[in-house]
Amino acid sequence: MTQPLPIRFQEHLQLTNVGINANSFSFSTLTMESDKFICVREKVNDTAQVVIIDMNDATNPTRRPISADSAIMNPASKVIALKAQKTLQIFNIEMKSKMKAHTMNEDVVFWKWISLNTLALVTETSVFHWSMEGDSMPQKMFDRHSSLNGCQIINYRCNASQQWLLLVGISALPSRVAGAMQLYSVERKVSQAIEGHAASFATFKIDANKEPTTLFCFAVRTATGGKLHIIEVGAPPNGNQPFAKKAVDVFFPPEAQNDFPVAMQVSAKYDTIYLITKYGYIHLYDMETATCIYMNRISADTIFVTAPHEASGGIIGVNRKGQVLSVTVDEEQIIPYINTVLQNPDLALRMAVRNNLAGAEDLFVRKFNKLFTAGQYAEAAKVAALAPKAILRTPQTIQRFQQVQTPAGSTTPPLLQYFGILLDQGKLNKFESLELCRPVLLQGKKQLCEKWLKEEKLECSEELGDLVKASDLTLALSIYLRANVPNKVIQCFAETGQFQKIVLYAKKVNYTPDYVFLLRSVMRSNPEQGAGFASMLVAEEEPLADINQIVDIFMEHSMVQQCTAFLLDALKHNRPAEGALQTRLLEMNLMSAPQVADAILGNAMFTHYDRAHIAQLCEKAGLLQRALEHYTDLYDIKRAVVHTHMLNAEWLVSFFGTLSVEDSLECLKAMLTANLRQNLQICVQIATKYHEQLTNKALIDLFEGFKSYDGLFYFLSSIVNFSQDPEVHFKYIQAACKTNQIKEVERICRESNCYNPERVKNFLKEAKLTDQLPLIIVCDRFDFVHDLVLYLYRNNLQKYIEIYVQKVNPSRLPVVVGGLLDVDCSEDIIKNLILVVKGQFSTDELVEEVEKRNRLKLLLPWLESRVHEGCVEPATHNALAKIYIDSNNNPERYLKENQYYDSRVVGRYCEKRDPHLACVAYERGLCDRELIAVCNENSLFKSEARYLVGRRDAELWAEVLSESNPYKRQLIDQVVQTALSETQDPDDISVTVKAFMTADLPNELIELLEKIILDSSVFSDHRNLQNLLILTAIKADRTRVMDYINRLENYDAPDIANIAISNQLYEEAFAIFKKFDVNTSAIQVLIDQVNNLERANEFAERCNEPAVWSQLAKAQLQQGLVKEAIDSYIKADDPSAYVDVVDVASKVESWDDLVRYLQMARKKARESYIESELIYAYARTGRLADLEEFISGPNHADIQKIGNRCFSDGMYDAAKLLYNNVSNFARLAITLVYLKEFQGAVDSARKANSTRTWKEVCFACVDAEEFRLAQMCGLHIVVHADELEDLINYYQNRGYFDELIALLESALGLERAHMGMFTELAILYSKFKPSKMREHLELFWSRVNIPKVLRAAESAHLWSELVFLYDKYEEYDNAVLAMMAHPTEAWREGHFKDIITKVANIELYYKAIEFYLDFKPLLLNDMLLVLAPRMDHTRAVSYFSKTGYLPLVKPYLRSVQSLNNKAINEALNGLLIDEEDYQGLRNSIDGFDNFDNIALAQKLEKHELTEFRRIAAYLYKGNNRWKQSVELCKKDKLYKDAMEYAAESCKQDIAEELLGWFLERDAYDCFAACLYQCYDLLRPDVILELAWKHKIVDFAMPYLIQVLREYTTKVDKLELNEAQREKEDDSTEHKNIIQMEPQLMITAGPAMGIPPQYAQNYPPGAATVTAAGGRNMGYPYL
């Protein structure tokens, strides 16, 4: 059979399947800090991304763009740390926030999470720890040891307390990879350098120690071999024994001589060490003993990153193919593996005990039996306690300890020793707990049981609770609770009175007891607790028992009050289904406690009871209010509602809100009918509250119908203030009048806005009230004053007129006066009335009323008296003015001197009477529009002009100067001729001029200004007016401009000139500039506007000013007159425009003139630009001597820039001088190339030492076929990988292959030779010199880019080299495919066999088989033996069977049959049958049982050879087909086999049938032999009968003698046992019999052993604790 493997190997994920690029599987781009996340950095379409793979959801990776050069995920949470050069950042991915950031002073070369919140940072010189918490910066822990200089840091570890730190690095030596480690103690602050490759810290607890030990495990591969060391670091804790150091060899296979450890992880779960090597081997070690448990190769590719696999206690890692692999201990197989394969039972026992692993059961059982048999009970007890999976902690073990006596010299029975050891180890199981507690309780030591329970040493069970219950009910309850026996727990709660806990417990454990039964029993014993228990039963949303049954129980005990409380709590949710219970609750209380029922109904707790029934019960109980709440029939309501003295008034008012409108009115009628006086007040309250619903009209009709004006008044008084209904207000006024509430009539007439005033006025007239004040109020409010005056005057109520104007509303006096005048009242009465009312009315209105009736003079005395009193009211003075105007009493003087009248009113009054007076009034009041209108209408333009000039109002001017004014011309004439000539105020002039300008009247404005300026006046020299005159002329009449310019002197010349230019008056502008000697501006006009350079030149010569020459030069330069411009600049001695001059001269190539200008400019300004351009001009004019002389002297020129320009323009000689001057050898080299001076170019390139320069010189040399110089240049280019491709392409494109190869060959020896050079040379060999490629690859395969060379070799069909590269690149699959595709060139037997074992794709095994069958059939078996460890043998055998090549591979089948594979066994068995090798077939069947036994047997039983049929019988026997087996033996007369198979079958019928078959053939000797063979199966009576029938008793006699002997012996033993039992019974009669064998029914009567008189105090079955089957399982005395 196949050996068990101690490990489980699993592939969790293939990273390429989730979209990760294979180029990203490397130590620098992939990190895995734990088994939860994998973090990969890769480039996708030139975009750097980080891919985060959550191993719990591996198929959905998260991608984020980043610019960092390293990323590591936190071991537990979605927190990522990013590093970009010296900048470190920590981000929370879920919160999308940055947690921390820091910039280091050094580059971080390695970093790692060492805990959930701490990062370790390793630089070139130091190690730091950076906490994720708070704002702390990285803390330096220690400096790197010198032994780690130049090493690649691959790991950093620390122990759990972070007191021991370890830094691990590796470095390449000539023949191996060396490892260096630095171990640092934080406490002691010291370091130790150690040689090692992989290490880890671990915590291990030695059996004898109290505290765990900190171990340091590390592995190293030196030149002599590998070692694993396990040592304790630091001093052992107090009381601990030190850990013995361990050092064992690490085996490395011969084919992995360069292998070395790369990773180590320690499993805390199994205390094992997982060691991973570079070649993919795993080594599994036991940490305590350093024993190697298992070693094998798990990956053909390097596993470059690992982490602990927490779920399985193993190790997880990623290899270079992107496989995520894990290895862990196989709990089921490791112990059998150690025991059977390693033959190390001690280690198997140790690991099984330490880690509670199965597989060593037989070892423990044998050891236990051995110690027990030897009487070493304590040691045997320890073995039983330590055995894994509790395999020995069984009832049988307890029984064995019970059966042994206490050894001599010992006071403790073995059983108690066993229990003591178990208690020390931990918790007892169910059987152990029972057997320990039984004698303890019998001895009355229940406190021990309590102690063990508190310490959780006992396993609680129902049986244990039953056992304890007789001694302590509370303790039993605790046991039942822990054992989860709900029925017993609830029974205990009930017996101890803890009813409140029953419901909570039942809900907690989801158990439903018979609550009704429990409640009934509680009620009998304790009604108060029963009520509480009942409430608990309905406390939840769903009641735990039927509420009706609970109520019945309450009523059985006449507990109405408690039942009420219960139902109130139970029915609090007011569900429709509880209607009957609600009715029952109210009914019982209405009959026994109406007040309680009233309170319940008052709280409105229930809504689903029988309302009609409850209403009748309420009325009978005298609860009329509740009855009304429940009645729905109007007859019932009217019967009850009239008894208002028995009802609460507020409630009754609210009750009417529940009735319909019709029912409410009917009830109100009934109440008023029954007792008007008594019920009126409540009816008014109801009507007031519900008047909106019952309608005011209906309620008014109701009260009027009963002629109850008091009720109507009170009702309306409560709503009138809020009602908008006119009828309500009118009815209220009527009711108030009829109830003599005159004050209320006054109030409502004064305040209400809702009544019909005409209707109320008529009602009050008809009412003939003694007090006319309400009528006065109505007429005053609604403007019926005229009617009021007529009514009062005609009814001789004049005193109320005086009252009205004096007390009610004096402001109505004008209307009253008008009314009195209309009724021809005496003037004296009216005057007196006016005098009585002192100024509380409008004078305007009074004047208006009197004026309308042409009686204005009536007011003259009163008006004059008011004036004399000092009245300044405009109305008074307006009236006097009107009177004076009408009477022509010096009105103009009054209008000019009086300051109180309203000008607009009086002016309007005078317009038709005297326009002059109207103008006076309007002018006094600044009534602009009115005055203009009067002047226009009456042709008073002179007055209007004077007014406008003096008014100075721009808006008013704009109005009169607008085109819409038909009188504008007449007005302007008066303004020019009269108004302006009269004024001396400049503001009047200014506003008038502005008004003309605003009105856009230029001609009129010129006329105006000429009048002011040219006619001698005080404003003739006014600068602004002169400016305005010229500007207006420019705008309106340009012919006058030149005349004004010459005549006027005091104007702003520059501004006027610029305005003239903007209006194309260039000569006028030139005349202004020339008149005022502004020559620069004057020539600018000639240049820019007149555009006449000749006049400008003449003007410049006449002026001869530098500024004028500069402006002229600039204009000439813009016109392209370079020579003239330069001459002008030289005359001006102005170098300021040197940039423009250089630009224009360069364009027209006027270099000689430019030299003259720049020489002048250089004297004035030593600018770099001027000198640079002068150098360039020298070069352009060919004056190289001047150029060389210039640059050799001091200068500020940018020679480099000019050199570049000369080079670009092909002036290489000048460029050569310039580059040489500034030592720019790079550009000088290129210049010399163009001058064909190649040697000089190479020398300059050497001085420049620039890659670009080397390239350009090299390419030029190649083009000139100067290959020696080109090679000299090329050697400086090829060392730069980025430039190599361009160089190669340049050579190849021109066909210089040999020269290129020679260049690369000579470059291989350079110190800076890199991979690209070796790679490109290999590619060139493949294309042009394939014979040299193999030698090149064998020398430099490690320095070439293998994928690139692979493609080249494949393109060149160099199959042998292709295989060689595949092998070195570890692409074994492709190597094998290439060998098989091109066997004549690529296949080599040894090489093929070596590579085929390393392939990842097992399918290649079967392609290899086909290949060998086609090409190398004789070597097939050798190859199959190589493939055997990983091949699917079933598939292989199936293939060979189909193709008919099974005989060819028989040696292979023999070699792998040890695997006990079914297909192999059947195939080999078939070959042996074909070869008739029955002995080989028998050996195969005995050695390997994994095949179809029945099919083979059926095949063989028809074989022509007896031996094969014999094997068929043997197979039938092996498969328990005894009958077929024996029949086949009988058929072939194989009697011995038949007898043996019959005996082995253990079947009586087969043996007896065989005996009968022998007797049928008279084979008596076989009969006798079968009796001996099948002795145990045969019945003596049957044998005796057969012998007697066939007369062969002699043949049966030996059998019968033996049977008789056995029976005699058995009888003797029975007699001996019986005698011994009787003796033991006699000895036990004197002992205290505790208990007899009980009945096994829980309903049994008093137990035997308990007196009947005391049995009633025990629960049923209290003394009947027995094991299943009725047999006592306790001590013998039980």
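The chain as shown is numbered from 1 upward.
Placement of Cβ uses the backbone N, Cα and C atoms for every residue, glycine included.
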Per Swiss-Prot, the range holding region 'WD40-like repeat 7', considering 302-330, 824-852, 882-910: 302-330
Where Swiss-Prot places region 'WD40-like repeat 4' among the ranges 150-195, 472-517, 1254-1299: 150-195
Annotated region 'WD40-like repeat 3' segment (source Swiss-Prot; candidates 108-149, 570-611, 1158-1199): 108-149
Intrachain neighbours beyond the region 'WD40-like repeat 1' (24-67), with Cβ under 8 angstroms and 6 or more residues off its ends: 12-13, 15, 18, 73-76, 78, 80, 82, 84, 93, 112-113, 154, 304-311, 316-322, 324, 326
Spatial neighbours of the region 'WD40-like repeat 2' (68-107) far in sequence, C-beta under 8 Å, 6+ residues away: 28, 31, 33-34, 36-39, 41, 48, 50, 52, 62, 113, 115-116, 119, 121, 123-126, 130, 132, 135, 137-138
Intrachain residues whose Cβ lies under 8 Å of the region 'WD40-like repeat 7' (302-330), provided they are six or more past its termini: 4-16, 20, 22, 25-27, 30-35, 38, 55, 262-263, 265, 267-270, 272, 274, 276, 278-280, 282, 284, 1370, 1400
